[in-house]
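A.B. asks: After the structure tokens below, expect a handful of questions from me.
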Amino acid sequence: MNTHPQTSPNTHYKIADISLADWGRKEIDIAEHEMPGLMSIRRKYASKQPLKGVRVTGSLHMTIQTAVLIETLKDIGADVRWASCNIFSTQDHAAAAIATSGTPVFAWKGETLEEYWDCTLQALTFTLADGTLTGPELIVDDGGDATLLIHKGYELENGSTWVDEPSDSLEEQVIKRLLKRIAIERPGYWTRVVNDWKGVSEETTTGVHRLYQIAATGRLLVPAINVNDSVTKSKFDNLYGCRESLADGLKRAMDVMLAGKLAVVCGYGDVGKGSAHSLRAYGARVIVTEIDPICALQAAMEGFEVTTVEDTLGQADIYVTTTGNKDVIRIEHMTAMKDQVIVCNIGHFDNEIQVDALNALTGVQKINIKPQVDKFILPNGNTLFLLAEGRLVNLGCATGHPSFVMSNSFANQTLAQIDLWQNKDVYEKNVYRLPKKLDEEVARLHLEKIGVKLTTLTANQAAYLGISVEGPFKPEHYRY
């Protein structure tokens, strides 16, 4: 962990090491060739400048692939500030390259929780020409932390007592202290932010779940676009991305032979499907746990054994959580696992595993092996290895998803930002999805790169199906 991040005099950036910029730029150049969707959007919209002068905050993993997204947003006119959405996911050379290009970025690998939330605040803080502090007009969010901070800050300024309520979560305690500090240092700040804020596009399942929860209570402050449920995001990033990056994270962290191991994948949504198939492809024997009978049946029909976590204790070598839920692996599970077990998470937040309870366990001994790999010697003498402190193993212990699949996701994010701005006076304060026509267009932008040739419908065929020759080709309710 870099405990002394480098800061520019004008708060232009706060990163690990600006000297890494040249390395970062070389990798960004490589990634651009693997991200045809984003590069096509640049070519299409650079002259039109649909986001000209629009203040955009990003709270999303500061990786090489994200750097290509940031520069795409800038190329189409946006005024961008950025922070990572995970304390371990930043690639420091990517952050350095972006800082050198003039984009304010506040991110480094190995932030503390206090540093993480302060970086989020920095990314949300724009200064107007008259010196007034304000916020973004649009947000690119991943997990909903930037959205959460604004909502909680605004609610505090309007009488909420949430910051004074007790909390068992260490991260919640950090957020509450930050909001109390801002209330003193910047009175009325969040109200000014909300007055200018026009929309948010959300990247991941967990963040989308948060948005729907807020919207259901009538507290959503702006229109939101659910990018996660675009087919070209969830069925590609979540599935095919995890299929490659989970094993990458496990192997970089532990140099473990997966073949012959018994692995438990908790959850069989798109992320769980990709994870289970990844482990099986390496020769692991895979057990799936599920709460949903449909997903459980899917797993069984794919040949996976489906049972409970409790039934696997003392047998499994590897546990992977993928659910987006909390307390999936609890302290009573971990103390009953076999010796030398590996536990990790590829869902967005660290609360899938009871990490705080593990750290607080009486008699436990914690030994850091290397960054993002911790060895716990339990009171019963068994050893448990926890990866990335229960946060995203593919980004904490490796470099996340490959560029090509992230081009799908980030093309959706860019189109969502354009759509939110163009329709800022049309959309109500609700959660929307991008139209299927755009979803198909994102897919189309990636076909040439991998040598795909589409069949074209004849007019008679299109009429028979009741669709246009150009699409959309499937109804909204179609399940891919």
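For all residues, glycine too, the Cβ spot is worked out from N, Cα and C.
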A.B. asks: Given that Swiss-Prot annotates THR63, GLU203, LYS233, ASP237 as substrate-binding, name the residue from ASP130, ASP142, ASP145 that shares the site.
C.D. replies: ASP142
A.B. asks: Among THR63, ASP142, LYS233, these being the binding-site residues, pick the one whose CA is nearest to that of THR204 (NAD(+) binding site).
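C.D. replies: Closest by Cα distance to THR204 (NAD(+) binding site) among the binding-site residues THR63, ASP142, LYS233: ASP142.
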A.B. asks: Could you tell me the C-alpha distance between HIS348 (NAD(+) binding site) and GLU203 (substrate binding site) in angstrom, no decimals?
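C.D. replies: Cα to Cα, HIS348 (NAD(+) binding site) and GLU203 (substrate binding site) are separated by 11 Å.
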A.B. asks: Need one number for the substrate-binding residues THR63, ASP142, GLU203, LYS233, ASP237: the maximum pairwise CA distance in Å, whole number please.
C.D. replies: 17
A.B. asks: Find the shortest Cα-Cα separation between THR206 (NAD(+) binding site) and the binding-site residues ASP142, LYS233, ASP237, and name the residue that gives it.
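C.D. replies: Going through ASP142, LYS233, ASP237 one by one, the closest to THR206 (NAD(+) binding site) is ASP142.
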A.B. asks: Do you know offhand how many angstrom separate GLU290 (NAD(+) binding site) and ASP237 (substrate binding site) by C-alpha?
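C.D. replies: That comes out at 21 Å between the alpha carbons.
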